[in-house]
Amino acid sequence: MDLFIAIFTGTIIAATPLIFAALGELVVEKSGVLNLGIEGMMLIGAAFAFWAVIAGLPMPVAIIAGALGGAAASLLFGVLALTFLTNQYAAGLALAIFGSGVSAFLGRNFGSAPIDALDRMSIPFLSDIPVVGPMFFRFDPMVYFAIVMFFVISWFLYRTKGGLILRTIGESPETAHAIGYPVIRIRYLAVLFGGLMAGLAGAYLSVAYTPLWVENMTAGKGWISLALVVFATWRPLRVLLGAWLFGGMTILQLQGQALGIAVPSELLSALPYLATIVVLVIISQNRQMLALHFPASLAKPFRPAT
Amino acid sequence: MPPRLELRNITKSYPGIVANDDISMSIMPGEIHAVLGENGAGKSTLMKIIYGAAQADSGEIYCDGKPIAAHTPATSRALGIEMVYQHFALFESVTVVENIALAVSNTFDLDALARQITELSNRYGMPIDPHRRVHDLSVGERQRVEIVRCLLQAPKLLILDEPTSVLTPQAVVKLFETLRQLASEGCSIVYISHKLDEVQELCDTATVLRNGKVTGTARPKQSTSLELARMMVGAELPEMHVSPSVPSEKPVLEVRGLTAPARDKYGVELKNVSFEVRGGEIVGLAGVSGNGQAELISLLSGERTHGNALSIQIDGRAAAHLNASERRKLGMAFVPEERLGRGAVPPHALWQNAVLTAHRTGLVRNGLVDRKGANSFAAKIIERFKVKANGPQASAQSLSGGNLQKFIVGREIALQPKLFLVAQPTWGVDVGAAAFIRQTLVDLSRSGAAVLVISEELDELFEICDRLLVICQGQVSPPLIRTKTNREEIGLLMTKVDRGNGTNGRGEVAVQD
């Protein structure tokens, strides 16, 4: 039972950064912009948050610093891709590399000592319930915040006029412009939101998940978030399930390594990536659903006619 | 009373052309005002300027006597100016009511809005279901959505850009009733068109544009078509020469019982399509777009193949299983609807575009392109088909629509095809080039080739075709002889195939003529 609880809670925790990053990217892509630089924004967010902690700032401030770091990085992308209409693939890849470099630079003086991780909450009464308590009510606040963000984003996208505008801009910016919406401004907001969320994801990694500075500590989670969005066919619920699947596989392979299964550990480490991609490829086979949710103008530069 | 809308000395240039040159006009409340002109005369640019989607380089716009400053679509809509675009400004992936909610600026109450849409659309005699997704709607229904969206704003000025180009004759009648009702309620209407008969039927006044300049104003109901046409075109139009056709004994293209599933969710399933095209004749396929034309074209051209090889036969040989290249070897040539992207590679030079389909004529040797040969091949097309281009080195995208279409048609004709498929040959092509292309098609067929024209322009089909087919909901009607049918009959078939005799007895009726 303890093992089950450990795997369950481990899964939820491992999925949390992916939920932040992938939901942020989902919003960006729904607006028709493809930002490939999640990995870079996460690293910058991680470095900012870690730096804030060792500078002695309180934890909430550190996490906000991480989010702002991600947003600042995304602004860079926004200027390139939305104002100067650079190729979005190139701008995003550049951001990924740039973020990795900047975070390594910032991290030179971080040392190798661990910091005090973000405290876990223990929700009164609820956390004392046997089994259910440790499974659901003893996480750190960011875990709950990620779930809240899932509901907020789903509600926003499908239940509000703002969400409708965002989705339709992703389908046809020309049409949205023609009926009078400020396409570029809305896309900037989406990109900044994606940056905030990627920054949060990075901050979660460096101050909660592995409270220790390691260069390139995101280890490809930004890329996995990107893949999650695509294979989840741009739907929030599937992003959430995909993130949990990835988290689950990560924890299972760690347990597998601990049990000494006779498979090289490198192969086991690759398992979560492989399994997530395979499952998501299978569920994204329905072309009609894909056509309905795919932002048709994705990665196409748009400049309003003058 | 000040005019509802007044333009003073509007000028707008784009690199290389002056789209609008010193244009002035005024429209009174309740007036239906036509803006007449050929494709490329500057009508659409002018409408974009009125609506605020583009800004004039100089000149002023007054609405109800007040100048409009800092003009964007949003300011226009605040003033009560609404526009129905030629290519609709609708989002396909969301429902009708969501589309309309995006354009109306009050609260986001979809249920109340849906009731309002139902009520308003019924009042103007064009019912629509607010909860359907736009991509499931026909073109005519989409136009209704656009118009209802504008009407919800209680507009003072409604701009319609070529609204009838996608409608059946019956739908046009319906639309005109709605527009007259609106005008009688005091709404001004700007009606953009190049169709003289419609303008004469509907509009009180007309401003005629040519090459970006106003060439005249008229009262269409009191003017003759000839007067209006002269103002529009400037010169006399070349006359068409259509000699009687002498169809060949055997069909060059024979389609038998062709059934195929829709391309995707938005496509149309083809049901038991049968027809034939003989050498020496032009057969036209009429129909409102989105009734299976796309499926039929891709199956005929070989972009899509079919398991039953005998369902399409070219020159007596089974061809349905062959790909596009193999069908071209059998003597087929094809001009697709999309000039840029499918008919030609936009950034490539004309000589390179010529090689794309003409590589069989010795322009490629040992896998290497004969540049000199390709250049002179392209130069010959440019000369023979009077293409206005900067030589074979000009890029495809630098040509106007009409000139690129002349080049593409010329390229395909230079291959001396036995079977010539062409989709929307004069879409977005100016009147002069369109007449030239039509004459070219007639000449090609009279020299013995079988020509199949797929078009939404009924006028065009009536002008050049010997026999007409109508496609509706994936079914193709029996052929009608052009001289023995009329617009009403075709129009009815465009909306509903007579299922009683839709599948047999095709072909023979007309060939006996």
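Just so it is clear, glycine is given a Cβ too, placed from its N, Cα and C backbone atoms.
Annotated transmembrane segment per TrEMBL: A:6-28, A:40-57, A:63-82, A:89-106, A:142-158, A:188-210, A:222-246, A:258-283, in sequence order.
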### Query
Are there 3 or more C-beta pairs under 8 Å linking the transmembrane segment (A:6-28) with the transmembrane segment (A:142-158), counting only pairs at least 6 apart in sequence?
yes
#### Entry: Proximity of the transmembrane segment (A:188-210) to the transmembrane segment (A:258-283), 3+ C-beta pairs under 8 angstroms
no
### Cβ contacts under 8 Å made by the transmembrane segment (A:40-57) with residues that lie 6+ beyond its boundaries
17, 21, 63, 65-70, 72-74, 95-100, 102-103, 106-107, 110-111, 115-116, 194-195, 198-203, 205-207, 213, 216-218, 221-222
### Task
Give residue numbers and ranges for long-range contacts of the transmembrane segment (A:89-106): same chain, 6 or more residues beyond its ends, CB-CB under 8 A.
34-44, 46-48, 51, 73-74, 76-77, 80-81, 215-216, 222, 299
